[in-house]
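Asks: Mind having a look at this structure? Questions to follow.
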Amino acid sequence: MGLLERLRKEWFIVGIILVIAAAKLEPTVGVKGGPLKPEITITYIAVSAIFFNSGLSLKTEELTNALMHVKLHLFVQLFTLVFFPTAIWLFLQVLSLTPINEWLLKGLQTVSCMPPPVSSAVILTKAVGGNEAAAIFNSAFGSFLGIVVTPLLLLLFLGSSSSVPFTSIFSQLFMTVVVPLIIGQIVRRYIKDWLERKKPPFGAISSCVLLMIIYTTFCDTFSNPNIDLDTFSLVVIVFIIFFIQLAFMLLTFLFSTSKNSGFTPADTVAIVFCSTHKSLTLGIPMLKIVFVGYEHLSLISVPLLIYHPAQILLGSVLVPTIKSWMLSRQKALKLTRQPKIPL
């Protein structure tokens with residue numbers, strides 16, 4: 001495979017590197033109040049576009065069937081909002097004995113308390129060909145659940161309390177997730193034949209929107225003068241984040257593929273991504289609300305800012321491997337279910 005062909009195939013990873021570099025060179029473009037106006041273009045337009053796109057591309061019957069998959073939804077929500085933060089808290093009891101910056105460690109705990117993302121898990125599940133409808137439901141449901149659960153978890157593990165405006169966050173999520181999804185489904189009914197004939201690149205469109213989200217996030221990071229990190233702590237945190245993601249992806253994979261799990265290979269794909277991914281678009285505003293007035297807010301935010309692109313990068317790299325496994329597993333299951341021809 002030639003270099004250009006390889007770059008074309010891995011364009012999303014290349015895009016992540018380029019947008020981070022662009023944010024580093026000129027962060028003022030994508031900061032809040034800057035020319036791109038991310039407080040509008042990202043918070044409302046970008047997230048709405050991702051879910052309108054999903055509503056347009058998803059068959060209604062697939063979305064309806066996903067609502068009934070209670071066992072899968074229960075697994076994902078319990079893993080991401082109960083097991084994840086508890087396991088990280090235990091892990092941090094050991095890490096607190098090391099010279100790693102204590103505020104970065106607190107940041108790791110805040111990452112664990114976040115709900116599933118409203119975009120990346122859906123996009124990666126779609127890229128693999130997994131149960132996209134289940135991923136969408138868990139992303140939306142997890143986000144709404146996170147409005148109440150995440151502040152309570154932060155209070156439990158970090159002792160931070162604040163009057164969180166549940167109503168405004170809930171209404172914002174409803175307008176940017178549920179409404180665009182429904183509108184997308186309605187529009188699909190009228191242009192269904194055209195969509196099936198033309199097959200628009202829905203996955204690529206969502207990925208481009210996600211690159212914009214990453215760009216503005218890093219613009220905020222690089223333009224913040226309060227972030228003062230020692231190289232050792234930063235490198236160790238990056239390593240720990242990748243370790244956590246790989247370990248939890250493997251754990252959810254083993255659980256969901258166990259003999260009596262009852263999950264299909266497509267379900268496993270949605271479970272692996274939805275259970276281990278954490279929301280940045282909901283997480284950063286939530287941290288700003290819960291940790292209002294904290295001088296170390298920027299340091300606490302760093303692990304989440306690293307975790308978000310790391311989960312996309314790692315997920316993108318693993319897409320071909322997971323897709324290959326899913327297809328081979330589906331083929332094997334299909335063969336075992338075929339009736340044997342009597343001799």
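Our numbering is plain: 1 for the first residue shown, then up by one each step along the chain.
Heads up, the Cβ atoms here are built off N, Cα and C, so glycines get one too.
Sequence annotations record features per position, and here Swiss-Prot assigns topological domain 'Cytoplasmic' to 1-10, 59-71, 185-201, 256-270, 320-343 based on similarity to another entry. Taken from Swiss-Prot, the feature topological domain 'Extracellular' applies to 32-37, 93-116, 160-163, 223-234, 292-298, supported by similarity to another entry. Positions annotated as transmembrane segment by Swiss-Prot, on the basis of sequence analysis: 11-31, 38-58, 72-92, 117-137, 139-159, 164-184, 202-222, 235-255, 271-291, 299-319.
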Asks: Find the member of 11-31, 38-58, 72-92, 235-255 that has more C-beta pairs under 8 Å to the transmembrane segment (117-137) than any other listed stretch.
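Replies: Comparing 11-31, 38-58, 72-92, 235-255: 38-58 has the most Cβ pairs near the transmembrane segment (117-137).
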Asks: Do you know the mean pLDDT across the topological domain 'Cytoplasmic' (59-71)?
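Replies: Averaged over the topological domain 'Cytoplasmic' (59-71), per-residue pLDDT gives 74.
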Asks: Answer yes if the transmembrane segment (11-31) and the transmembrane segment (72-92) have at least three CB pairs under 8 Å among residue pairs 6 or more apart in sequence, and no otherwise.
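Replies: When sequence-distant Cβ pairs are counted, the transmembrane segment (72-92) does not touch the transmembrane segment (11-31), since fewer than 3 lie under 8 Å.
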Asks: At a Cβ cut-off of 8 Å, and with pairs 6 or more apart in sequence only, do we get at least 3 pairs between the transmembrane segment (38-58) and the transmembrane segment (202-222), yes or no?
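Replies: Contact between the transmembrane segment (38-58) and the transmembrane segment (202-222): present.
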Asks: Who are the chain neighbours of the topological domain 'Extracellular' (32-37) in space, where the CB to CB distance is under 8 Å and they lie at least 6 residues beyond its ends?
Replies: 216, 219-220
